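Undergrad: First, the structure itself, so that you have it in front of you.
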Amino acid sequence: MNAQPPAAAATDISTTPEWDAVGDAVAELADTSLRELFAADGGRAGKFTIHACDLHVDFSKNLITESIATKLFALAKRADVAGKRDEMFAGRHINTTEDRAVLHTALRLPRGEELSVDGQDVAADVHAVLAQMRTFAERVRSGEWKGHTGRDIDTVVGIGIGGSDLGPVMVDKALRAYQTAGIRARYVSNVDPADLTAVLAEIDPASTLVVIASKTFTTQETLTNAHAMRRHFVAELGDESAVAKHFVAVSTAADKVAEFGIDTNHMFEFWDWVGGRYSVDSAIGLTCMLTAGPEAFDEFLAGFHAMDTHFATAPTRENLPIIMGLLGVWYSDFLGAQSTAVIPYSEDLSRFPAYLQQLTMESLGKSVRLDGADVAYPTGQVWWGEPGTNGQHAFFQLLHQGTQLVPVDFIGFANPAEDVQTSDGSGSMHDLLMSNFFAQSRVLAFGKTEDEILAEDVPADLAPHKVMPGNRPSTTVLAPRLTPGVLGQLIALYEHIVFVQAAIWGINAFDQWGVELGKKQAGQLLPYLTSDAAPTKGAAAFDGSTDALLAAYRSARGRS
Ligand SMILES: O=P(O)(O)OC[C@H]1O[C@](O)(CO)[C@@H](O)[C@@H]1O
C-alpha cells in the first residue's frame, strides 16, 4: 500500500460555494422551530433516524431540515470526507506533521485479514500482540500467574495518563458487569501524590499487578508514579526480584521499558500509528482484558470493527459518523455553538464524557490547517458532560433556559446491567431513569410556551420565568444494552465523528503540539520551586506574575 503523505490540502473550505450554501441555509430556520417542523411532518422522526450496528440514533430533534441536510452532505463531498476516510483506512501517512499512518482501525481487524502498510502486515502484528495479551490475561485470571510471595493476583493497578489512562478507566467502569474473575482495577494518573497514595492505601502489593502504560515511556507523570510504585513494592515485598512478578508494561518503546527494569517479555507492544487517544483497543486496554476477560475484549474489538465497516461502507446519507460529524460543524460554524454536551443515562458510562474530552479536544483543538495556514472558521468545541439524572440537578437549568446554544448527545440503554424495583411497586429503577432520558430531549426540543403556562393559572408575573423556550437540539443514541460490543461501537462512532470534522476543517486530528510547551516550561520552573537558595533575579526571572507566584509558593513552603 502506498504510504506517501497525501498532497497538501490547500483549499480553504470556507471559500467554497458549498460552504456558502450551508451558510445561506441558516435562514431556513428563521421562521420555524422544532415544534413546527414536527407538526408539519409526521414522518420526521423516521426520516431522521438511523440504525447503525446496534445503535438506534434519532437526530430528528436537531435544527435541520431535509434541505439543510442535503447542503451539509454536499459540503462533506466538497471536503472529500470519503476519500480522506479511505486514505486513513489504507494506512497513508495522513498525520503529516509526524509523518505517520493513522491506523487505530487496524487494531480491530478480524483475525486473518491482512493490511500491509509501509511493507509490514500490521494486522498480523496486532493479532500477535492480542494473542500475547490473551495468554497473559488467562494466566493471571486463572491464578496460574502468582505474585512474588505465591499469592494470586486480585488487583490490577494501571499507571498512565491521557490516552494511556482515560480509555482503560472509562472501559473498566463501563464493563463492571463483565468482571467475573474477582480481579478489580485501580488507576493512578496524576502526578499529584494524592492519587498515588490513595491507591497505595487500598492495595496489597503481594496480590497486585502493576501495568505501566505509556506510548512513549517518557511521560513525566507516569514515570514518576511508576518509580514511586516500584519503590513501594520493593520495600513491601522485601526484594528487587519482586518487580518481575508485579510489573508489566504497555508501550511502543522497548528500550525505555528495559531501562526501567521490566523484562521486555512482559511488555505488550503497540505502534506509532496508534495515537494515544485512539489506543484503548490496543494493548493499552490490557487492564480491561485482565478484569473483564479476553472474550469480552474480543467482543469489544468486534464492536469497533462493526462501526468501522459502517463508516467505510454506508452511503453518506445513512452514514452515522458523517451525519453526526456534520451536525457538529453545522452548530459550531454556522449556529455559533461553542460546546457539546454528552449525557450518558448510565452510571457505568460516567467516565465517557471525560474520555471524549481528550478524543475530541486534543484532536480538534487546532487553529491551522494541514498546510499551515490559519483556519478562517471555528474548529473544535468544548465537549463536556456528566451522567443523567445527576446532570439534571446541576447544569440542565442552563441547557433549558440559558442563553447559549448547547447541542446535546443523549446516550441510553434499553436494558440495565441489573435492575432494582422501586419500593412503591410502580416499576423498575431503570424505567425511572429512562423516563428522564426521554423527557429531557423532549423538553429541550418542544419546551413550554407562555400561553401554555398561563393556561395553568400561573400568575402573569411568574410566567416569563417558567417559559421553556424549547427549540434546543439534541441527538438520542439508544442501544439495547451496554455490552462490550456496544461500547466498542460507541467509541468508534465518536472517533469517526472527530475524523469527519477534521476532514471538513482541513486540520490534523492526530497530532497534539499544543501540549508540549507547558511540559517544557514545567521542567524549567521546577528548580526554582525546589532549590534551597532563592532564584537569582534578572536572568532567572520568568515574568512578573510567575516570579511573584514562585515567591509566594517558596514562602509558603518555608524556602528562602
Ligand atoms: O502514553 P504516553 O506516551 O505516556 O502519553 C500520554 C498522553 O500524553 C499526551 O501526549 C499529551 O500530553 C497524550 O496525547 C497522550 O495520550
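For all residues, glycine too, the Cβ spot is worked out from N, Cα and C.
I grabbed these lines from TrEMBL:
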ACT_SITE  GLU362  active site, proton donor
ACT_SITE  HIS393  active site
ACT_SITE  LYS519  active site
Undergrad: In whole Å, how far does the CA atom of LYS519 (active site) lie from that of GLU362 (active site, proton donor)?
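TA: The Cα atom of LYS519 (active site) is 15 Å away from the Cα atom of GLU362 (active site, proton donor).
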Undergrad: Work out how many Å separate GLU362 (active site, proton donor) and HIS393 (active site) at their Cα atoms, rounded off.
TA: 29
Undergrad: Cβ neighbours within 10 Å, counted over all protein chains: which one of the active-site residues GLU362, HIS393, LYS519 has the most?
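TA: Compared across GLU362, HIS393, LYS519, the most Cβ atoms within 10 Å surround GLU362.
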Undergrad: Determine, from DSSP, whether LYS519 (active site) sits in helix, strand or coil.
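TA: SS state of LYS519 (active site) = helix.
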